[in-house]
Amino acid sequence: MAEDTSSPMDRFCGSTFWNATETWYTNDPDFTPCFEQTALVWTPCAFYWAFVIFDFYYLKASLDRNIPWNKLNVSKALVNLGLLVITALDLIMALVKKGGDSELPLYDLDVWGPIIKFATFLLVFIFIPLNRKYGVQTTGCQFIFWFLLTVLSIPRCRTEVRLDAERQKILNSQQPSEQDFSWEEYQFVSFFIFFTFTSIMLILNCFADGMPRQTKYQRGENEIPELSASFLSRITYQWFDKMALKGYRNPLEEKDLWDLRPQDSCSEVMPIFAHHWNQNVRKNYKNKARVEPKAQFSNGNVTFENPHGEKNGRKKGMASIMPPIYKSFGGVFLFGALMKLFTDTLTFAQPQVLSLIISFVEAQEAEPEWKGILYAVLLFVLAAAQTFILGQYFHRMFIVGLRIRTALINAIYRKALRISNSTKKESTVGEIVNLMAVDAQRFMELTTYLNMIWSAPLQIGLALYFLWQQLGPSVLAGLAVMIILIPVNGVIASRIKTYQIRQMKYKDERVKLMNEVLSGIKVLKLYAWEPSFEKQVLDIRDKEIATLRSTAYLNAGTSFLWSCAPFLVSLVTFATYVLTSEANQLSVEKVLVSIALFDLMKLPLTILPMLSVDIAETQVSVNRINKFLNSEELDPNSVLHDSSKPHPMSIENGEFSWGDEITLRNINIEVKKSSLVALVGTVGSGKSSVVQAFLGEMEKLAGVVNTVGKLAYVPQQAWIQNATVRDNILFGQTYDRKRYNKVIDACALRADIDILSAGDLTEIGEKGINLSGGQKQRISLARAVYSDADLYLLDDPLSAVDAHVGKHIFEEVIGPKGMLARKSRVLVTHGVTFLPQVDSIYVMKMGEISESGTFDQLVKNKGAFADFIIQHLQEGNEEEEELNQIKRQISSTGDVPELLGTVEKAIKLARTESLSDSISVTSADSLMGRGGSLRRRTKRQDSHDSVASAASLKKKQEVEGKLIETEKSQTGGVEFAVYKHYIKSVGIFLSVATLVLNFVFQAFQIGSNLWLTQWANDQNVANDTGLRDMYLGVYGAFGFGQVFSYIGSVVIVYLGALIGTRKIFIQLFGNILHAPQAFFDIKPRARILDRLANDVYKLDVVLPELIRVFNSQVFRVLATIVVISLSTPIFLAVIVPIAFLYYFAQRFYVATSRQLMRLESVSRSPIYSHFSETVTGASTIRAYNVGDRFIEESDAKVDKNQVCKYPSVIANRWLAIRLEMVGNLIILFASLFAVLGGQTNPGLVGLSVSYALQVTQTLNWLVRMSSDIETNIVSVERIKEYGETKQEAPWELEQDKNKPKNWPQEGHVEFQNFQVRYREGLDLVLRGVSFNIKGGEKVGIVGRTGAGKSSLTLALFRIIEAAGGRISIDGVDIASMGLHMLRSRLTIIPQDPVLFSGSLRINLDPFEIKTDDEIWKALELSHLKSFVKSLAAGLNHEIAEGGENLSVGQRQLVCLARALLRKTKVLVLDEATAAVDLETDDLIQKTIRTEFKECTVLTIAHRLNTILDSDKVIVLDKGQITEFASPTELLDNPKSAFYSMAKDANLV
């Protein structure tokens, strides 16, 4: 052959490189030997050399070292060595056998072929010991290299085998051959050795190497399998199978989860981010003097620099979080972007292959069969590659998102510990927590989609390019339609947003009202006011439903645009195409490829507008985080620690401010070693500010503050963590039992701890919710005492405790003989009592120190201090004996008559006010000091049946509460009854209608596609325009059928759901109002509200959307199966096994994923609650200098959340890979059967393949939706459970109507052997009580706490039902009538005045049946008229939630006005213990005596003097009546219990 025609490659090989007739246009395709030995070998080699950089990166990034030699890596090395030997041998043999003297010419290939292979194998070989040394257990590049090399060598196997067969023929034939085959024989043998070795290498690379010996982080037995999974296992997520199986067998718990991957933990992510952040901060400063090393690892603490800088450093601008984020996490992100680019390209290869398949079917006879098979396999390979790469892409993006979130949360947390007070004032705690909960979270959600910014335009551009090739300029018409739809979509979306905001507003209103109803449920029941409030709630609910209905129509609009856009676009495009020119004819290939391309454009077009909104929102988040991270910090140098100063604590000439004007000036304080200094002064004189100045919390404008030694601080508002009592006191120190017990006794906590259900291991709720003020204060003090510091700053620690407890604590802890006697202490106090015992006193006035000295000196001065004492004594809340002490102290100083006079007055006041100690045994505080008489304004009451039974009740509640909680969150699947209940609520007709309409929609869609292919196949259209227009018209008609059936199906789903949820809510709320009081005692209010708010929200908004998508996807899958089976019926045989595979993947996933989501949401809230706790207690944390410990705790909580979050991300990938492979199999079989099945209609074939191409996405969606529906239908289950609670007796009965309108006429009350208990299984509280009260009698009921006084009134109103005996009023048994009949004819003035938000009028008369005159009359009698007249709105004055904007006394008077408006024959007065001041009390008593003269009045008394003038007194003890007679009679008998009570109260 002539030299010159050959290509360079031909010359290189010495034979033809590419021969199309041999390879393509033949029934028996084969490559040329030259092609097999160059292209097919060099491709894998080139790939490896190109990507080897990744292997180097993994070596560098590895955290482990030193994998031991083992079978696997030794065999790898040996086989690799073998390959090197065989390749070297190839080169030597070529040089020996060819060229030179032999007749075989030596070609370049013979030399370069082995050299290239040798170099590549050598590179791979070098990595074996390197990977071992650096602890890399698996590498992707090598796996792919061996995989490609093995697969691409297969064609040469076939060639070699054939050549060998031909040689044997020649040798076996009779003619003696001259040819020398030794070179060919050698090549044959060497190739097969080479092929065997590459195959072995491929198999060896499927496994990961052993565990490294040295690891940077301890690897537990619970380590995540991913770390030592092979590359193959990683891309298929096979390492996750264990967890999926475990989760399928039984619900996952926290202990089943794996440890976090070290590289995602805070300790790895933080230093990187901090390093880049600090660099960024430094860039913002002009003064470059301070050069600091990288973010160091000082015992694992990361230091963040303060962007606010020194005071002198001039700032260029804000330091932003974006550059550090790019630098820290950009690498992984870019790698992900590369993958995305790759998959986008693969996506557009699919329509091209589709068109090849269609043309193959069209030219059925002409083309050899193997091409069809090749196309089918190619389609499958493309889809599979896309699946694996996309899986990795999403995985990578999630990891970046998680890391960014970790970095931001931690940066925000560290900053929050250091922000100055002016910064803190700018934002509430809630806002700061939102930075973490909302803004950092938003980043995480965005990263997955961020690449769409460039990917979406790229996809649209590619689609347009390919469409242009098919249809020319007509594409622009279709594009125009798409572009017009975008703003329409935008408009609808913004309307939806406004409706959503409105709906949230109504929801909040409704929740607020329901919360009030639940918290005041007892009062509502006593007044029989439930119907009024039920109506109010349902009115708001109807507004909410109306808003949701409007949203539903708009939603139908958007989903219509979504689903019908592709159709409209193709209609417009095809119409334009065929109508513009006669020459333009549709062919099957054009039609189907164009439809496929239009479908590909749909996603990017819808995502772009959504993405732009998301990015705008994230931008807002970035700005908020930046503002916070750049805000001002406390100056760490404002307090010096100079030990050369004479005193441990001092301030010299200090001036301080809280960020605006000067608060303290001319402050000079010295605290000598081991002395006690008191700061006194009126409210707001700056006492606490001085303490804050010592702590360095204030801005120091001038002067010197010095403290030497370890600090402890007790804030005025005790800061309690959500932890056990013991942890709160230890506060991170080790537990020393002896010291701990001493502290507890000194701080008078022993009795409180005994009452708590689990002693000092009882968990305290957030913000110390289950403790009283005094208990919190004492725990806070105990923490300080336990910390054993040198300096103590006590900011009014005795304000919230009772007087005798205060005295105990002062003596045992603070005073000269207390535990802290050897320490230096500063005490801010309001009490005068302890002042004589302190070493020196500083008197504050208007932010300055007005005088200082010892008690005696100051009293003699007659200055500000004397005024302070006088003012204090006039408030009169000191005890008698303490006043006597002060009197002695003052009189000893001599010559201060006016002071003594005040003291005398105060002593008189204290005597008259002394309460009857015997009656109200209040609060645990007083239980401890039985000695001193109780203070009058006791801050709290335990109105439970004695403290002891309260404790047992609490234990019981804990157990019960726990049971309910855990039982609920653990359910596995949801039984069918729940779905049935929901469908029933929606209505059978509507439920069926949606299904039918969905079916019709799919039918139209298939119809329109079949019609198109019919049209394209019709040969007569070319010459008959009429026929063409007929086709176009019918196509359009199909389209409109789609539109209407679709909109119908969507609207029906939404409206049906709203009908259902409306019914369900009315039933639920009605049932809750009808529940007996006991129900509200066991169930925490928050849990009931959760049902009424969150679960109802899910039924309103979340479920309908899920059901809509689910329905359309189910029918979509069915349509796909139908279309494929139409074209190739044999496909039905494959569908069964595929369905099985699918079903298993789905079951495993749903079970595991649901539980992981639960665990994740449970582990997320502690991060935020711990953060908000930290923000509130920042000053305490700084004072004790435990910031680092809190940072570690926060990191641990974030890590724990990641531990739950990471597997759920992986579960999604695991499922996606499996489902998409199922989908890819459908593609493979659909296309294979289409090609082999002898189907001659190319339209059907193309249609079935293009449907198959979309099925993967649909299947994926379907599983997600079905698992989401299962997760959310639980709401229906939970609501159903509450809707079936036990109800109280009916509110109205038929026979009530026969009773007289003004029953009871006399008010004659009789108890006959009456017994009652609070709930099933509890003891009786009244045991056989009998007494008789005539109409109009006034009866007082007395008895110690827990004697059953309140139970008596509750029984009268049937709040608790009788367990035996009966009560009759005017001879009628009260058990025989409707509850409302009974309750509305009795009146009660309850102990704690409950008001509801709304107008004053609604609070007095919720049913609006009284006239204005009647209401004003009642207000006048209850002494509120002048107050209400003074209000601008009068009767319509808005009352805040819980009546916050009225004083307690006014609230009590409003309750009195309610009673006056009802004015029934029987009045029950449950007397308030401590809420009311004496004047209000007198007013109420006076009004009751005059206005309720004719009525029967039962008074539960806490103060004896109020019932001394009643007709009878009932004395209860342990649920039985011990005395029943007139007060005079009982007082005459010194042996009576009543007498001894009166004696205790100094009334006798």
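Cβ atoms are placed via backbone N, Cα and C, with glycine included.
Your range for transmembrane segment, going by TrEMBL and the list 324-342, 1217-1235, is 324-342. Per TrEMBL, the listed range annotated as transmembrane segment is 135-154 (candidates: 135-154, 695-714).
For the transmembrane segment (474-496), the residues of the chain that approach it from at least six positions outside its boundaries are 464, 467-468, 551, 554-555, 557-558, 561, 565, 568-570, 572-577, 580, 584, 598, 601, 605-606, 608-609, judged by C-beta separation under 8 angstroms. Remote same-chain partners of the transmembrane segment (373-395), defined as residues 6 or more beyond its termini with a Cβ less than 8 Å from a stretch Cβ, comprise 235-237, 336, 339-340, 342-343, 346-347, 349-350, 353-354, 356-357, 360, 448, 1209-1210, 1212-1213, 1216-1217, 1220-1221, 1223-1225, 1227-1228, 1231-1232, 1234-1236, 1249, 1253, 1256. Note on the domain 'ABC transporter' (1309-1543): mean pLDDT across this stretch is 86.
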